[in-house]
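What follows is a short report on a single structure.
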Amino acid sequence: STMSRERADSQGSLGPDDEVMPYSDDETDDELDPSSDEERPQVEEAKKSGWRVKANDRAFCNLPEFQKKYFLCLKKSKYAGNGIKTYKYNALTFIPLNLFEQFKRAANLYFLALLILQIIPEITTLPWYTTLVPLVLVLGITAIKDLVDDLARHRMDNEINNRKCEVLLDGRFQVSKWMNIHVGDVVRLKKNDHIPADILLLSSSNPNSLCYVETAELDGETNLKFKMGLKVTDERLQEEGQLAQFDVCEEPNNRLDKFTGTMRWRKDRFPLDLDNMMLRGCRIRNTDECHGLVIFAGADTKIMRNGGKTRFKRTKIDELMNYMVYTIFVILVLLCAGLAIGNTFWYEEVGSKAWYLYDGKDQTASYRGFLSFWGYIIVLNTMVPISLYVSVEVIRLGQSKFINWDLQMYYQEKDTPAKARTTTLNEQLGQIEYIFSDKTGTLTQNIMAFKKCTIAGHTFGSFLSLGTTQPVDFTWNKYADRKFEYLDHSLVACIRSKKDKDTLEFFKLLSLCHTVMVEQKEDELVYQAASPDEGALVTAARNFGFVFLSRTQDTITISEMDQEMTYEMLALLDFNSDRKRMSIILRFPDGRIRLYCKGADTVIYERLSPNSKHKEVTQTALDIFANETLRTLCLCYKDISKQEFDAWAKKHKAASVAMGNREAALDRVYEQIESNLMMIGATAIEDKLQDGVPETIAKLAKADIKIWVLTGDKKETAENIGYSCKLLTDDMQIHYGEDNEILYEKKKKRRRLRLKRLGKRPASATPQDAAQPIDDWEKETRQVDFVNMACECEAVICCRVTPKQKANVVSLVKKYKKAVTLSIGDGANDVNMIKTADIGVGISGQEGMQAVMSSDYAFAQFRYLERLLLVHGRWSYIRMCKFLRFFFFKNFAFTLVHFWYSFFSGFSAQVAYEDWFITLYNVMYSSLPVLLVGLLDQDVNDKLSRKFPKLYLPGQQGALFNYKNFFISLFHGIFTSLVIFFIPYGAFLQTMGQNGEAPSDYQSLAVVMASSLIFTVNMQISLETSYWTFVNCFAVLCSIAIYFGIMFDIHSAGIHVIFPSTFTFTGVASNALRQPYLWLTIILTVGITLLPVICIQFLYKTIWPSVADNVQRNRKKYEMEEVEEEKSTPFQRGRRSRRSAYAFSHSRGYADLIASGRSIRRRPATARPNPRDSIREIPQAENI
């Protein structure tokens, strides 16, 4: 059928790990194939089920036709309950599931197999405890860590599931927990409640059943949205508690911007759309109480559907490490096979002929070789390091703690420290190549401030002297908002003198032409703006003496310089994204009719009257504002005669009731009156960037990290922000990717990919008709072309992107560039992208905790990203690489001694050391110093790491740990083991002790080799340490001391008496180590192993120094410079002018709302505030 093809299409581009959804996130109604649209209702009719909800009837959901299979023949209702679960284990499944997950790791399985081999008496060469002790430790530590993580998830789920809510049960409202809410329940919500499920709004305490919600957790916007109940439910259900209704709507899906359904009630059908739905994740504001009907609960809600899967993230080093463990395993098998063949030959030639070697067993040579193979697998098993994984976990845990404890990433104002929410990804932070960032709230603060204006050719607000200016004193204005700051005194003087008509007109326009709602709050006025921009302008007008006091359906009352005036509103011409302007037509108290208009300069200039003044001056001012990346609006007016207005009003009336294509009709009528305008001036608002964003971006760019900004914003705004945060610079050439439709998500109209790069642009790979890609192969090539082209650019900004597309962009780069990606965002619209990238960073800011909950790292300000990557990430990477290189080295050096020894022991799988030394070597004698290097080492300190971003490059190239480094460690280990075996062997060949006895027994040789090894390994790690602390020093000395202490204990007579079979080296250590000759051998061995290493290191640092070596060498000089540089340099602006963004960011629809009077409160008679009472605006962020 068409439908299944349609699904396959929308799926194909998403990559394999995206959930199968009824529609891709990106089809808007007009773009769904018409065929599939007609098919849907029929399918539903045929099945007769669809998604049907019956109000206040819990039994309805459990009817047999709504059951679906979920396991063998068990069935359950397809309607989800409202409880959510994000945890992995419960009390019963923890041990089996956790062990199962841990044994997925190759190394753990391998050790389990070894343990089984060691229990077989025929083969065993080492006692079983040598493997069991480390294995139990490893599994235990990891299990405890998993348990702690999972308990935290349980706690979180419980907290959410046990929130309270009022539900209609048995005819009255009762308090119930969220998890007990069912589809079809009627709930009552109070002000500031979180919405527990996706709910159809039935009625509210506001007039016209209006309800305000804040959607911060869904889309990151802090301004309020309004939802409306259906007229019919609002009017009838206030009195009747009786609900008998059906609701047929779409199946649950993940599209936040669309909902379709019908309500059947009393044989009538009513259409439902998104305006009637309140989604889970929002909060109710400014509405005392409202009633709603639960449509989707729990896992079916849109916000949970949007989460995407939690993907298990692994670092590149993890993958490399696994491959290396496989490589070692292959080497191990080859070695053992070689030694087993050797054993077979040796037995044929020597063993079977020597009568003194007869062991009473009649085994053939080849069978003995076979047994010897397994014996050697056990002896050489330490080549595959078991404690590697545990040490890596410990190091990562420590590094995460350092991130949590970092005071320089702690944000005092909000009391938010940085938080590493996962402990498995730290070293990946040192390898990032691409950063994908959200814009609003991540780069910017989402707080608007009125900065400058130009009125009739005079610009106000530009002042030259910095720092000395006093803010304007607004105490003369009893309505002024205390929080508002403005620095240009001339403007206030100009208004107060009342001489300049234009200035008064300018602020009068600002206080009249807008869609702000005003609310009485304990004798204060509180403004409810649809967008932060509008709020900023109306607040500015209020501070300069033009105060918006109240509005009804058709009047607006303002206070002009302490005189109250009421204007009759004849028409409100609403803003939408095509018009880019809004106008209001007013009848003044003296009967004049005037139109006020504000909008983007591009559209206003086309409609100015030929004899309008100030065009050029305003244009120059606008260019200056745009250069400073302020958001601008032009303001103008027009006087209209009575006849002209009456004629227009007739047309307007006709257009507003037109059935077909009403919007286009209205737009045409609006065009007619919005012409011949007279310019007054322009305003400039700043959407403040977060502190330190431009510097951070510049620093990261120097470290060769490519930054892409993905935003839902308009092109102009996105571009301006790109300039103001230094992502784009004036010498870059900008390309707009309108014709490279590459993510063809059927969104030809809305998708904009903006690519900027130096040099010329490759020919577009897209056919002109930009149709759906013909097949997967073509889709693939287009994607490759897009990624290649975008990655050649210096910076990429994608605008008008939906959450799903954000994730798609990330996965395309991951897939085709094999690059390490990081995404950073702060709202629920970024969750998908955060989960898709290799590392997700959440900003715990204005907008709910959704992003933080699904992130790997969280902090409060974008600028901390620089420290996270350039300092913590880089250090973690360097530490981890150093740790791994050394770890492999010390295990090779230790294990391969057995290999050399086997040539002299008839390949009989005899161990070269004592059993206990083998058991404790990795656990006690050599692990602490290398662990501390993995935790504390730093090649240069944090200040210099940030001063020289180039130090970050080795991480991106993966230069410090790869197969080359691995083989260097291998050969280093082979060399060391050769020396450690052959020098003591040579020294023991023909010797005589002081007292005439020969100390050349096997056990003394074992002790001398073990002691040399311990000294070598601990000295070698000291050479690799670049940052010495007391702890490092203590660890090295301590390891050597522990070795001698334990050895003398194990070799003592006392312990041999108690366990004669386990401790066989009685008195060896004390006997051997009192011979000065053997000490000389140890010193010689250690000297010969370390000398070449010291020489090579010296040569490398002198002849081919790395960036880090140079920085280290000149450290003192740079630290001196640091001090001098604190005297900062002045800030300079770019030269070239750019078109500005216009300062409108609200959705359309507010004008209808105001004009219809549905939003107006039923206000008490004494609504007008006393002149004595103060007015202040509470900024949105504080949520009234």
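Cβ coordinates come from backbone N, Cα and C, glycine included.
Here is what TrEMBL records for this protein:
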type	residues	note
COMPBIAS	37-48	compositional bias 'Basic and acidic residues'
DOMAIN	161-224	domain 'P-type ATPase A'
BINDING	D438, T440, D826, D830	Mg(2+) binding site
BINDING	D438, K439, T440, E534, F575, K598, R631, T711, G712, D713, R800, K806, N829, D830	ATP binding site
DOMAIN	852-1106	domain 'P-type ATPase C-terminal'
So which one is it: of the binding-site residues T440, N829, which has the fewest other Cβ atoms within 10 Å?
T440
In whole Å, how far is D438 (Mg(2+) binding site) from N829 (ATP binding site) when you measure between their Cα atoms?
9
Rounded distance in angstrom between the Cα atoms of D438 (Mg(2+) binding site) and G712 (ATP binding site):
9
Validating a neighbour-count step here. Other CB atoms within 10 A of the CB of F575 (ATP binding site): how many?
27
Please name which of the binding-site residues listed here, F575, R631, G712, R800, is nearest in space to D830 (Mg(2+) binding site), Cα against Cα.
G712
The domain 'P-type ATPase A' (161-224): DSSP-derived helix, strand, coil residue counts:
11 helix, 31 strand, 22 coil
Filter the binding-site residues F575, R631, G712, R800 down to those whose C-alpha lies within 10 angstroms of the C-alpha of T440 (Mg(2+) binding site); answer none if the list is empty.
G712
Inter-residue Cα distance where the pair is D826 (Mg(2+) binding site) and G712 (ATP binding site), in Å:
13
Select the most exposed residue of R631, R800, where exposure means the fewest other Cβ atoms within 10 Å, treating these as the binding-site residues.
R800
Look at each of the binding-site residues, D438, D826, D830, and point out the one with the fewest other Cβ atoms around it within 10 Å.
D438
Name the one residue among F575, R631, R800 whose Cα is closest in three-dimensional space to that of D826 (Mg(2+) binding site); these are the binding-site residues.
R800
